[in-house]
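Undergrad: Mind having a look at this structure? Questions to follow.
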Amino acid sequence: MSETYDFLFKFLVIGSAGTGKSCLLHQFIENKFKQDSNHTIGVEFGSRVVNVGGKTVKLQIWDTAGQERFRSVTRSYYRGAAGALLVYDITSRETYNALTNWLTDARTLASPNIVIILCGNKKDLDADREVTFLEASRFAQENELMFLETSALTGENVEEAFLKCARSIPNKIESGELDPERMGSGIQYGDASLRQIRQPRGSAAQTKQQCNC
């Protein structure tokens, strides 16, 4: 009945309205393009189990509305997110210019160490491009983000965007930047034995003490 997995990661898909966030989620979950997609009202949800470094990981993905009138609602879903796709439309400079605000929200409301990948969506509309690859690459580098251009229509780089983000999370667990034992980390163990992943530097006693708080 229930799915078995080693880890569960909470993901967000954030960005301005009309950037194709719901279509990216649908392409990743269903492996097909979502025709006649309307603007998301509030939040939508999807999940998929993937393989990350030999571990089975369930991605629990929240697709948030990009319209300003829903921001107060969607911000509540940022809490406890381990990863995020920050999406803009390569044919709309307005959506690109709004990225800083979305990024600030994510790092303030979710976690300073949330893993974020910048996605320039609608790559299939290259002839109508308003934001160059180089410009977005620089933004990503300056803000310590991963970066890919994607197409929810053709599926190009959609799978890779989610998986690239997911692959970075175990590294942050091992380095101590993300702590699955901390409430709101956006990470849950499906297999209790995996708690050993974060026992470097002789921190077992410290972790035990933290858990008793």
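The backbone N, Cα and C atoms fix where each Cβ goes, glycine too.
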Undergrad: Choose the correct range: of 15-24, 65-74, 135-144, 175-184, which one does Swiss-Prot annotate as motif 'Switch 2'? Give that range.
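TA: From Swiss-Prot, the annotated motif 'Switch 2' range turns out to be 65-74.
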Undergrad: Of 39-44, 105-110, 153-158, which span is tagged motif 'Switch 1' by Swiss-Prot?
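TA: Comparing 39-44, 105-110, 153-158 with Swiss-Prot, motif 'Switch 1' matches 39-44.
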Undergrad: Note down the number of other Cβ atoms within 10 Å of the Cβ of ASN121 (GDP binding site), including every protein chain shown.
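TA: Excluding its own Cβ, the number within 10 Å is 30.
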Undergrad: May I ask for the distance between LEU153 (GDP binding site) and ASP63 (Mg(2+) binding site), taken between their Cα atoms and rounded to an integer number of Å?
TA: 17
Undergrad: How many Å separate the two farthest-apart Cα atoms among the GDP-binding residues GLY18, THR19, GLY20, LYS21, SER22, CYS23, ASN121, LYS122, ASP124, ALA152, LEU153?
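TA: In whole numbers, the farthest two Cα atoms are 17 Å apart.
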Undergrad: In whole Å, how far is ASP63 (Mg(2+) binding site) from ASP124 (GDP binding site) when you measure between their Cα atoms?
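TA: So the Cα of ASP63 (Mg(2+) binding site) lies 22 Å away from that of ASP124 (GDP binding site).
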Undergrad: In whole Å, how far does the CA atom of ASN121 (GDP binding site) lie from that of ASP63 (Mg(2+) binding site)?
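TA: Taking the Cα atoms only, ASN121 (GDP binding site) lies 15 Å from ASP63 (Mg(2+) binding site).
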